[in-house]
Amino acid sequence: MMKFKPNQTRTYDREGFKKRAACLCFRSEQEDEVLLVSSSRYPDQWIVPGGGMEPEEEPGGAAVREVYEEAGVKGKLGRLLGIFENQDRKHRTYVYVLTVTEILEDWEDSVNIGRKREWFKVEDAIKVLQCHKPVHAEYLEKLKLGCSPANGNSTVPSLPDNNALFVTAAQTSGLPSSVR
């Protein structure tokens, strides 16, 4: 299903959730510093770059496109961290890990809307995100709890849509760390 808005097309899955994609953009493969961008609605707040998927677009491609537009970075797309559900906003977001290899001086959102970007230590990013975007903080919490390459745990495999791993705020607390 698709809905058209001026200069954007929104796509939805079978259950009516908006299909989104995002990346946790790391400065290095150690995944200790993450790039956040200023919110377009609240420029003094920080968010994880991401947005709606376009028709026929694969989640990984959408995630790479969104970080290029919003954060002005290119990089090596890594693993799918999970698919996060936001029941309030009716969104499902595919969240990937990306290691930044190129940082543009000027990029689409910096020129058009004055968007900023900044590197944060993961712990600091979680604190910043918990106030304004707790769902985004969950991405980093999940990374810390079981998907970091530094802790020896296995990574979450990419799954086809019909076998997708969905994580909601209510579900994470009771799950073993190997699946959070």
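Heads up, the Cβ atoms here are built off N, Cα and C, so glycines get one too.
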Need the matching range: Swiss-Prot marks motif 'Nudix box' on one of 29-50, 51-72, and I'd like to know which.
51-72
Among Lys133, Lys142, Lys144, indicate the single residue that Swiss-Prot lists for the substrate site containing Arg10, Lys18, Lys19, Arg20, Ser39, Ser40, Arg41, Arg89, Lys90, His91, Arg115.
Lys133
By a 10 A CB contact count over all chains shown, which of the recorded positions listed here is most packed: Glu66, Glu69?
Glu66
Determine the minimum-neighbour residue: among Lys19, Arg41, Arg115, listed as binding-site residues, which Cβ has the fewest other Cβ atoms within 10 angstroms?
Arg41
Nearest to Glu70 (Mg(2+) 1 binding site) in three-dimensional space, by Cα, is which of the binding-site residues Arg10, Ser39, Arg41, Lys90, Arg115?
Arg115
